[in-house]
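Engineer: Supplied in structure tokens, the structure appears directly below.
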Amino acid sequence: MKYVASIDQGTTSTRCIIFDKKGNIVSVGQKEHEQIYPKPGWVEHNSEEIWKNTLEVIAKARISKNIKLEDIAACGITNQRETAVVWNKLTGKAYYNAIVWQDTRVGETVNALTKSHGSQFFQDRTGLPLATYFSGLKIKWILDNVAGVREDAEKGEAIFGNMDTFLMWHLTGGTKGGLHITDVTNASRTQLMNLETVQWDAELAAIMNIPLQMLPKIEPSSKVYGHIQSETMQGVPLAGILGDQQAALVGQTCYQPGEAKNTYGTGCFMLMNTGTEIVPSKAGLLTTVAYQFENQPVHYALEGSVAIAGALVQWLRDNMGMIEKSTDVEALAKTVEDNGGAYFVPAFSGLYAPYWKSSARGVIAGLTRYVNKGHIARAVLEATAYQTRDVLEAMEKDSGIEVSSLRVDGGMVVNELLMQFQSDMLKVPVIRPKMIETTALGAAYAAGLAVGFWANLDDLLQNWGKDKTWKPKMKAAERKKLYTGWKKAIKRSFDWEK
Ligand SMILES: Nc1ncnc2c1ncn2[C@@H]1O[C@H](COP(=O)(O)OP(=O)(O)O)[C@@H](O)[C@H]1O
Ligand SMILES: O=P(O)(O)OC[C@H](O)CO
């Protein structure tokens, strides 16, 4: 067998990527799906559309390079995490659109639970502070607001899944016996899983009033779970599941404690492997599961999650019409020397790490008549770099490890201006590997390991190669001035909503 396939169900698009043994891309199918914004702060996806796109991108990836079924050793799934869908297992129909991780509709429930139990109570058990981000409260919202779901859930007919579970169920037969499973990394993002036992926590489910029977079985991240029933890849073993940020950690081969990566996509997510140790965060990070290979102990990670990174570039394109394509932002930002005093705090979904302020909202600060489109484009890119510095400083505090260089990946790392500014702002080298589709690659690795396509982690380490390194060039005074401006701006975004 020559290949391993990977389905990457992201926030913006769904891809199927087929890799060879060296971790090179052989073929890609990709399709964007609609972003649905019914009200300010609400973000939804149509799960039916995503399922159709998944079949289409698998077919595209196979047909475009004429890849035979018998050449595919296994398939892995990686996905946008936390996004919650509830569907009926007898009809296959979803009760409501998938509620996306960025959605803030459960803000009031977060406030109420913070008063009744305290955020620390949830963080101690799940590694996650109370926030609108995680799946549990999104499931509760569907149960409380959509007619008939709670009754069906109690009967065992309405079931929950993140996008991994939803696709796994459909790919393995759907209403005809589809598997209802997830992996430890995805489960660790629901705020319903106990980090130590890696099992659902009945008390947390009771507090959120979620029937346990609607939750999927928790499995390791790498194992032959079943076989694909859909025609597009019939008979191929489904053998890996990883949340997309954990998949990028695996794809970047960060297998040693202390190794970290930062992925710049819709949001931006830095993860540091902490080995088999659960490291609680005091500095505003999440403690989460990194991965669990079959018959191996669970590995954990510290994570700094930033909700809006590339999404701000999309906003500039789609909502403001200031650029035509995301890539145009670099040329526009290069029309000026600096940010002209403007700072853009993209707290569109509140602020995640290290602030965790659900009530923050976006602001542009420091405006004068001098500021033009170029300065705004620059402020948009700089926002991602400042947020990454906030997270890196928290990571160093929590781990006690000084990060001496940063491995990066994701759609935004083609932006050279951003990469140089990032290195300047962190004062460490930023390293881009040859393969930046590390998310899909990580899920392929998990699946390939389970079927023996790759023998062990050493095989994978050999596939990693450097493409480009950016070294810090900025003068200390300039770095300090800019970051001080950011810290001032970010405070202006706090406590906007009640
Ligand atoms: N040249 C660029 N400069 C800045 N941002 C970019 C550039 N190219 C793409 N992006 C942004 O990267 C994101 C897509 O990255 P990707 O890793 O595919 O995201 P996801 O996995 O979250 O769907 C989009 O938000 C897009 O606006
Ligand atoms: O779809 P991405 O790559 O923006 O990732 C989304 C994250 O998994 C959300 O936690």
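Cβ coordinates come from backbone N, Cα and C, glycine included.
Since we're looking at a predicted model, the values are computed, not measured.
Found this in TrEMBL, in case it helps:
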DOMAIN    3-251  domain 'Carbohydrate kinase FGGY N-terminal'
BINDING   THR11, THR12, SER13, THR266, GLY310, GLN314, GLY411  ATP binding site
BINDING   THR11, ARG81, GLU82, TYR133, ASP244  sn-glycerol 3-phosphate binding site
BINDING   THR11, ARG15, THR266, GLY310, GLY411, ASN415  ADP binding site
BINDING   ARG81, GLU82, TYR133, ASP244, GLN245  glycerol binding site
DOMAIN    261-450  domain 'Carbohydrate kinase FGGY C-terminal'
Engineer: Given ARG15, ARG81, GLU82, TYR133, GLN245, THR266 as the binding-site residues, which ones have a Cβ positioned under 6 Å from some atom of ligand 1?
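Structural biologist: Cβ under 6 Å from ligand 1: THR266.
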Engineer: Among THR11, ASP244, GLN314, GLY411, ASN415, the binding-site residues in the record, which have a C-beta under 6 A from ligand 2?
Structural biologist: THR11, ASP244
Engineer: In whole Å, note down how far the CA of GLY310 (ATP binding site) lies from the CA of ASN415 (ADP binding site).
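Structural biologist: Answer for this pair: 11 Å between alpha carbons.
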Engineer: Consider the binding-site residues THR11, THR12, SER13, GLY310, GLY411 and say which one has the Cα lying nearest the Cα of GLU82 (sn-glycerol 3-phosphate binding site).
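Structural biologist: Closest recorded candidate to GLU82 (sn-glycerol 3-phosphate binding site) by Cα: THR11.
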Engineer: Across all chains shown, how many C-beta atoms besides its own are within 10 angstroms of the C-beta of ASP244 (sn-glycerol 3-phosphate binding site)?
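Structural biologist: Other Cβ atoms within 10 Å of ASP244 (sn-glycerol 3-phosphate binding site): 30.
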Engineer: Do any residues at least six apart in sequence from GLY411 (ATP binding site), in the same chain, have a Cβ closer than 8 Å to its Cβ, and if so which, in order?
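Structural biologist: Same-chain residues close to GLY411 (ATP binding site) (Cβ under 8 Å, separated by 6 or more) are TYR264, GLY265, GLY310, SER326.
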Engineer: Tell me which of the binding-site residues TYR133, ASP244, GLN245, GLN314 ends up closest to ARG15 (ADP binding site) in space, Cα to Cα.
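Structural biologist: With Cα distances computed to ARG15 (ADP binding site), the winner among TYR133, ASP244, GLN245, GLN314 is ASP244.
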Engineer: Since the record lists SER13, GLN245, ASN415 as binding-site residues, which of them has the fewest other Cβ atoms within 10 Å of its Cβ?
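Structural biologist: Relative to the other binding-site residues in SER13, GLN245, ASN415, SER13 has the fewest Cβ atoms within 10 Å.
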Engineer: Filter the binding-site residues THR11, THR12, GLN314 down to those whose C-alpha lies within 10 angstroms of the C-alpha of GLN245 (glycerol binding site); answer none if the list is empty.
Structural biologist: none
Engineer: Please report the distance from the Cα of THR266 (ATP binding site) to the Cα of ASP244 (sn-glycerol 3-phosphate binding site), rounded to the nearest angstrom.
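Structural biologist: THR266 (ATP binding site) and ASP244 (sn-glycerol 3-phosphate binding site) have their Cα atoms 12 Å apart.
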Engineer: Pairwise over THR11, ARG15, THR266, GLY310, GLY411, ASN415, annotated as binding ADP, what's the top Cα to Cα distance to the nearest Å?
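Structural biologist: Max Cα-Cα spread across the ADP binders: 21 Å.
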